[in-house]
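Scroll down for the structure; my scribbles are underneath it.
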There are 4 protein chains.
Amino acid sequence: MQDIILDDKLHEECGVVGVFSGNPDITSQLIYYGLFALQHRGQESAGIAINTGGKIQFHKNMGLVSDVMTSDVIQRLSGGIAIGHVRYSTSGGSEIENAQPLVVRYKNGTLALAHNGNLVNADSLRNILEDSGVIFQTSIDTEVVANMIARNANGDVLKSIKNVMEIIKGAFAFVIATEKQLIGVRDHFGLRPLCLGQRPDGGYLLASESCAINAMGGEFIRDIEPGEIIIIDENGIESIKSSKYAQQKSCIFEYVYFARPDSTIDGVNVYQSRYNAGRILAQEAPVKADLVFCVPDSGTPAAIGYGNELGIPYGLGLIKNRYAKRTFIEPSQELREEGVKTKLSVNKELVKDKVVVMIDDSIVRGTTTRQLAQMVRDAGAKEVHVRIASPPVTHSCFFGIDTPFRSYLIGANKSVDEMKDYIKADSLHFLSMEGLIKSTGSDRGFCLACLNGDYPMEVPKFD
Amino acid sequence: MQDIILDDKLHEECGVVGVFSGNPDITSQLIYYGLFALQHRGQESAGIAINTGGKIQFHKNMGLVSDVMTSDVIQRLSGGIAIGHVRYSTSGGSEIENAQPLVVRYKNGTLALAHNGNLVNADSLRNILEDSGVIFQTSIDTEVVANMIARNANGDVLKSIKNVMEIIKGAFAFVIATEKQLIGVRDHFGLRPLCLGQRPDGGYLLASESCAINAMGGEFIRDIEPGEIIIIDENGIESIKSSKYAQQKSCIFEYVYFARPDSTIDGVNVYQSRYNAGRILAQEAPVKADLVFCVPDSGTPAAIGYGNELGIPYGLGLIKNRYAKRTFIEPSQELREEGVKTKLSVNKELVKDKVVVMIDDSIVRGTTTRQLAQMVRDAGAKEVHVRIASPPVTHSCFFGIDTPFRSYLIGANKSVDEMKDYIKADSLHFLSMEGLIKSTGSDRGFCLACLNGDYPMEVPKFD
Amino acid sequence: MQDIILDDKLHEECGVVGVFSGNPDITSQLIYYGLFALQHRGQESAGIAINTGGKIQFHKNMGLVSDVMTSDVIQRLSGGIAIGHVRYSTSGGSEIENAQPLVVRYKNGTLALAHNGNLVNADSLRNILEDSGVIFQTSIDTEVVANMIARNANGDVLKSIKNVMEIIKGAFAFVIATEKQLIGVRDHFGLRPLCLGQRPDGGYLLASESCAINAMGGEFIRDIEPGEIIIIDENGIESIKSSKYAQQKSCIFEYVYFARPDSTIDGVNVYQSRYNAGRILAQEAPVKADLVFCVPDSGTPAAIGYGNELGIPYGLGLIKNRYAKRTFIEPSQELREEGVKTKLSVNKELVKDKVVVMIDDSIVRGTTTRQLAQMVRDAGAKEVHVRIASPPVTHSCFFGIDTPFRSYLIGANKSVDEMKDYIKADSLHFLSMEGLIKSTGSDRGFCLACLNGDYPMEVPKFD
Amino acid sequence: MQDIILDDKLHEECGVVGVFSGNPDITSQLIYYGLFALQHRGQESAGIAINTGGKIQFHKNMGLVSDVMTSDVIQRLSGGIAIGHVRYSTSGGSEIENAQPLVVRYKNGTLALAHNGNLVNADSLRNILEDSGVIFQTSIDTEVVANMIARNANGDVLKSIKNVMEIIKGAFAFVIATEKQLIGVRDHFGLRPLCLGQRPDGGYLLASESCAINAMGGEFIRDIEPGEIIIIDENGIESIKSSKYAQQKSCIFEYVYFARPDSTIDGVNVYQSRYNAGRILAQEAPVKADLVFCVPDSGTPAAIGYGNELGIPYGLGLIKNRYAKRTFIEPSQELREEGVKTKLSVNKELVKDKVVVMIDDSIVRGTTTRQLAQMVRDAGAKEVHVRIASPPVTHSCFFGIDTPFRSYLIGANKSVDEMKDYIKADSLHFLSMEGLIKSTGSDRGFCLACLNGDYPMEVPKFD
């Protein structure tokens, strides 16, 4: 129950990091810190693959980074090149077999891959490979990619990666470790983020978000470009760009919800864009209120922005239990409401007798918003106005985000007015598409498919 | 290392709840919700004792509430009267034997006790009891109290409790379950909080904080008064007040740091008093700055108040990792700084080139503040001004708060100027004692001993 | 299900060991080895208490010795005087609170006690103590004894123990550690075993069975006598004997089933007495057969003896799965028989077309015997003769053995003929009482109460 | 330490079972019972693969059968065709990745394989496959076989299996589950055992040993023949025999040590052959003694046979601790001997002043035998004569048995006289090769390579 009511968000499916280090003794620690900073991108499994004296060792398991990468594991694994992965997903199923990185031995060596994203032509590729006698042991796209790279790698793994990039379709940010190289790859639209950094000791870093570059003690250098392959080895950095098709289509939801506020992705600072979204939302849909507050924690910057724009005091109208991530008992029917309150409670004294604005970054099913609006009203608020710092989610994502079926998306099935009635808010407004784009301050392109159905490539039709 | 640097706070030692329910099937669930809401008051052990058909059963173990009170445990335990306890402490040692509630069988029945607080004359009482042949199996004060109550209870447990209250000295909020009664007791100074609530189904609730009353689905009725014994049984509520000595001395640190912001204790709303503290601090020690931010999470209301008072924008200058509560690997010497960042990271884009004010609720050792100020400066802030929303901690607490030895208290050993130099802040100011009292908006008395050494009773001299 | 069918035995409730060592570094290891050798006497919990520099530390938990006493625990605990305990029992309930040793602080010091046995007047003593204001935190007799010793110990713990011995009734073998002494106590009838040994390095050892003396690297010296208190300290060994009432009544079931075959208790070697029981049983109830085999493992010596006496070849007719101690899935109704076979399987090739004698040491409910006889017949045996190397169990034990209610004891409810029909054996014979006594080769006295109802003292009447 | 001293045996590397059931609800339970009965063949990992409605699901993990196949797992997995595997091995490394069954999806469907044995040309095959672009994710031979079967299976998996059988060399007993068939395969020499059984409900069973057929409630039908492929589907059983090369070379060590005594393999009953080995050994190397005993548990039948042949009483001279399988603390140097005794102790009273014969089934390093002989002598035996019921192990096995390097094999490095001196026995004799073959009562062929170096095929030369 809690999941439906209190976790009404889209979910990122993975995070990746890579390290090419001058100091083999700290490499696995760096992977740990990088993955820890990306833990919000995937909590189901974690893993590391590391090149130890020309042999690639790995360790992966179900669980959080701190559960999987224990002191023992980190001490055991040393080496100069390593990659790491955290995984959330349900696509491919929730089994240890599907944990990443995937480490494979092929004719010319060993390869470790970690993948953030989703391929839309994986099944076709899988069928073609099976026709050639290939067998599969997992249900993840990564195994398809690994096979294609290995089959083409007649002594030149880079050429093979380049070829494979032209064949696979979808969203992908890969980090790859060979015996001698750390390689980063980003799809032609740059749908999933990937950036490069460097440590004071000269070591190079790759990560899904810049916050992980910081966490690994590095300076952010730049984002990997759409369609770019970046190769790091003893001789430094080389870049191969697939100029023909590349076109920036950064995932807009990284800014809306996924990424950590202290990350900067494709030139856009996440915190700043959220703050701007709140300000623009205030301009688009002002309300005369006594208090503005957010649904913790993701709505905070937008709520601050909204309040500042209109001069409404910002406060903590909802209090999040610091221990709310723990698993729960299932509440009995009589205590359903108490079950909800274990995660969030209303700051009664603050909201009582006030006209309040409740800000959230996005709405997926709408169930949480409805529940929270009711709790705020029960606590004595005079009016509850709801403002959402992004347009309604109306379409499924096929590029690595776990979206519910369209029939569950409140934005795909109700008008804003109907939603207002469902949520029982005194008013409800969503940020406009223009407002959202403006909030990023960027004129590069974005993938807005989940908000308007305009997919950057052909996608399956099963929804 | 992390503990010293990143958890530089005083620690509450316990939280208690009690339920007198009309519906035996939900009693243990209510205890669960109540304890979950008080988890911030103690993370070391958790326990429940429940009267099942005249027999008191219990379950307690090391760990968080969600670890100890599993679905199995909750289903197994039903009954109309129950108490619960969470424990942090080091006093008495960190052993399963010291977990609470303590359940004892004595001549006239069975008794379960849970205790928040600390007795200053426990050792003397223990010696006297031992002279009478009493043996002890734990090192907690609660066992002393249980023995004293049992020895005096010649058929009248209430009279015995009343007598014992006159003998024990120190801070105590007890919840006690007998076969027929739920009893709450608060010391003569009301040093530790305890309040009463009621559920819509008529059931009565006791809890250390009102947030737990809410979490159990009840309405707050009132605080238990200093020196009051409250007895709840089939006939309703009875109150025995020890009028002679009683005098309000609420612990000031409940407002500064311990209590949850959505709690109201002894008539003072915690969130509001922290917000006020920020405003008064701004009046006392203003600074012309571009940004005000807090050390998450406890400094938030003060930072908002500070910013509002001076018209400085409030933002998230420090980002807390949502998974930071997990246990960690010990960072190697080279990666010491990265170890710190797993908990908190600076929002670089926001603080860069700005004059910033960093607000914290309190400073104990000063090590975290120093580290954070450095991180903010490294991220490009022009000036870093530090403001603390309470006076310096200068004395140890003997009433249930885990304070370090005085030699570790920066406020006991350095002047504000010296502290400023140690922290390397551009300026440092603490809220004045008058400001702090004013922030509560209350003219009842407070125990301010940790800030000024003025203890409400004689205390040991070992520090 | 498995428990009823495949574990149709009486169960010993505890085992104890004590060490007075010249080498503090090996003391906890010795306790480990001693308890490991006594693991068959109790598998529910294990514990150690050790005198470390005048302070008694302890560690106890639910689980096997190897689970509870980990390397960490053993390394942490060093000291010259220690006691240990393994516990099986259901009396007192299966809770961590009831694990032993019990460590108590009283006026003149600290005391650790471990108890094998059961008191018949514990409830009365408990009531009297409660009248004096004593409170109890566990449901074990040991807590009663600890209180009585502590209350009387006005500086002379030995005198107190001696007094307490005269007041408590029942079966008891205590090992007690004080800050300076290791003390062993055995009840006036010597119902539960306790013996003394010495290591080559001079250290003294106490243990329930001599096999544990061997396991701790010691030489067996002698059994503690009925009613004897033995005190070991720096000055050596002192013995206090309570001559008035003492009378040997060794528990006969130690020889029949409980004790390890390599132990010698009260002058009787366990293996030899079981072997003799088989020979005498052969004389009393011979059968002309092709094969004799035992129900593994306890019936082995008797089966060898039976075969030797009559010249019938001994073989392994039943094979025990080496992993049978593991917990199991509950078999579905269709696979009930397969569930049984996970523990024991018939050696088909060996029993096929043969007249066989199946030997067991004892029968409690008879359900296993019936099941096994059927399995042997199904495997092709021509005739299945059952011989039991002890008389039928007809009465409950009140001295520390977990006996089912009389209504479950097949020997209390059926004649031998009826049992034969129930078990569907071609013939069934039990060893006679005279035969059993003769098998021990001893003329000291035995407690035979579970076989004939002749209790050595008054016992409760609730069965 | 314990491993070297107390587990001085060769180790079987795997056990397999298969079920083709008429009742999908009991299939996974049957696999459980079958694997439980084969637990002695592999304790490192366990796994099941089951065809559920045309889809093959699986569950495998490190640990014992009872740890891996929990009630939850068994209830979740239902279906008519299933295979199971237990694994001991070090070959391929001890990683979850190497657990079996291996489940692969290929062009024409899905396949689950489980393998007992070892291929001698796996590396060459792996290289050839890698040349074709195949990638590998594990280090086990089974992945090579799966790839070869899949690549050849153009709609006819059976033809493919038959082809693969002609290419792979070594020892193999496969059980394979497809969506419609249960397939069993045995190598041309029948080096590893595999047999067929049937349940009363018509379901067919495959298992490494007949004891598992019994455990699954079936009747043994026959052994799979060397070079035979047996296919079970809805139409019943089909057999494909590769007559050209097939030649019986049953592994002699299955009779000596590996198999359970209640199994019958290739027409030879294991218990009976061990008993015969003892009798023949008595004829070959008699001794005038007072007592014969075995090293528990595997030497028991031989010891009984030896005693019977010469009229020497058989007894339990060594007592095995029933809990000895538990993990241990590492004993300190002073207590090395006590560490050994946690597993086995001498029955002092029995061996004292006697001339004894100690029987073991085999010797690998000789360290245990030496230690035990010393312990028996220390316990007071007058003479200790050692008899081994097989010839010395002199060569490594390449067919699925974990043998130490030759330099560790006492039989490869010392004459019998030298071994006698090393062990410090009064006399030492091994069963002759002729005696061993005679003990089986079979004139089929055996692989005796570990005893005489006569390998049935070319083997690697690295030893």
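Positions of Cβ are set from backbone N, Cα and C atoms, glycine also.
The domain 'Glutamine amidotransferase type-2' annotation in TrEMBL covers A:14-235.
For A:Cys14 (active site, nucleophile), the Cβ neighbour count at a 10 Å cut-off comes to 25, with all displayed protein chains included. DSSP classifies A:Cys14 (active site, nucleophile) as strand under the three-state reduction. Among the features that TrEMBL reports, active site, nucleophile is placed at A:Cys14.
In the three-state DSSP scheme, A:Cys447 ([4Fe-4S] cluster binding site) is classed as strand. Note on A:Cys447 ([4Fe-4S] cluster binding site): other Cβ atoms within 10 Å of its Cβ, all shown chains, come to 24. The [4Fe-4S] cluster binding site feature in TrEMBL is assigned to A:Cys251, A:Cys397, A:Cys447, A:Cys450.
Neighbour density for A:Asp361 (Mg(2+) binding site): within 10 A of its CB lie 25 other CB atoms from the protein chains shown. The Mg(2+) binding site annotation in TrEMBL covers A:Ser298, A:Asp360, A:Asp361.
In the three-state DSSP scheme, A:Asp361 (Mg(2+) binding site) is classed as coil. Recorded residues A:Asp361 (Mg(2+) binding site) and A:Cys450 ([4Fe-4S] cluster binding site) have their alpha carbons 14 Å apart, per Cα-Cα distance. Taking only the Cα positions, the spacing between A:Asp360 (Mg(2+) binding site) and A:Cys14 (active site, nucleophile) is 23 angstrom. In this structure, the binding-site residues A:Cys251, A:Cys397, A:Cys450 were compared by how many other Cβ atoms lie within 10 Å of their Cβ, and the smallest count belongs to A:Cys397. Confidence over the domain 'Glutamine amidotransferase type-2' (A:14-235), given as mean pLDDT on the 0 to 100 scale, stands at 91. In sequence order, the recorded positions from A:Cys14, A:Cys397, A:Cys450 that place a Cβ under 8 angstroms from a chain D Cβ amount to none. The two recorded residues, A:Cys450 ([4Fe-4S] cluster binding site) and A:Ser298 (Mg(2+) binding site), have Cα atoms 19 Å apart. For A:Ser298 (Mg(2+) binding site), the same-chain residues 6+ apart in sequence whose C-beta sits under 8 angstroms from its C-beta are A:Lys9, A:Tyr257, A:Asp360, A:Asp361.
Residues A:Lys9, A:Val256, A:Tyr257, A:Cys294, A:Val295, A:Gly299, A:Ala302, A:Ile359, A:Ser362, A:Ile388, A:Ala389 surround the recorded Mg(2+) site, their Cβ atoms falling within 8 Å of the Cβ centroid of A:Ser298, A:Asp360, A:Asp361, which are themselves excluded. In this structure the alpha carbons, written CA, of A:Cys14 (active site, nucleophile) and A:Cys251 ([4Fe-4S] cluster binding site) are 14 Å apart. Taking the centroid of the Cβ atoms of A:Cys251, A:Cys397, A:Cys447, A:Cys450 as the [4Fe-4S] cluster site, the other same-chain residues with Cβ within 8 Å of it are A:Leu191, A:Ile252, A:Phe253, A:Phe399, A:Ile401, A:Leu448, A:Ala449.
Cβ neighbour count for A:Asp360 (Mg(2+) binding site) (all protein chains, 10 Å cutoff from its Cβ): 23. In the three-state DSSP scheme, A:Ser298 (Mg(2+) binding site) is classed as coil.
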